[in-house]
Amino acid sequence: MTYQKQYQMQTHHMQQQQLHHFVFVHGSCHGAWCWFKLAAKLKLDGHRVTAIDLGGSGVDTRQLHEVRLVSAYLEPLMSFMESLPENEKVVLVGHSYGGIGTSLAMERFPTKVSVGIFLSAYMPHHDSPPAVLIQEYFTRLPEGFAMDCEFTFEEGLEHPPSSVLFGTSFLKEKAYSNCQLEDLELAMALMKPSWLYTKEMGGEDLITKERYGSGKRVFIVCEGDNVVPEEIQKWMISNYEPHEVKRIEEAGHMAMLTKPHELSQLLQEIAAKYN
């Protein structure tokens, strides 16, 4: 039996059983590895899961200078989306900065996404460039918020950072403050620097009302998030109202690690509703 035939049979089985294909897009400095708990739970329930390593992230071997353009950074996600059959729709889930990639994938492949889920994630408005949201985020952060994170500022200190690498103290006290020690140790071993692509994200028509704006969007508020504080999450929701807002209590920033069971159930409910 050919791979294509097997794929078609698996897809048919998923449709018959009301199963779904979840595609995960990680945030800055992370990789596909951060979804391992959630992916395992969804697979046990019969769903298909694809966790993407974006350019220079996770097991992607490219160095930071090799993914200087956002097209190189998002290439693994866009190539995967392009490879999907025209009749298949996926549930696209972006976390934190991964919301930018999620919105751009929804823009490029609107017919292949049943719903875009923003997990405490950047959710840009179709009327303004994503860079506006990035700038708003950094403007709202209090002085000293970044602790020992390492930044570069190619556009000058008056502009948002060009790249970031999360520091050990920042991980312990903010990003992974709700996580188990094992999760923190894994993160500290696998962190990689990431570009923020703010200059490129300032381009007009990167996202449009007709494509990204026509898609279904659900925002999941993560209570106790110390990286994307609830004030900023709520501002993004009011700035560009999604079709639905969900909430996970005491999740912190890394809900896929702190609340994998609750998040798994929530994703399945959302996927079923917007199937």
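The backbone N, Cα and C atoms fix where each Cβ goes, and this holds for glycine too.
Swiss-Prot lists SER96 with the feature active site, acyl-ester intermediate. Look at Swiss-Prot and you will find ASP225, HIS253 tagged as active site, charge relay system.
Over all protein chains present, the Cβ of HIS253 (active site, charge relay system) has 26 other Cβ atoms lying within 10 Å. Within the same chain, residues at least 6 positions away in sequence whose Cβ sits under 8 Å from that of the residue listed as 'active site, acyl-ester intermediate' are HIS26, GLY27, SER28, HIS30, LEU119, SER120, ALA121, TYR122, VAL227, VAL228, HIS253.
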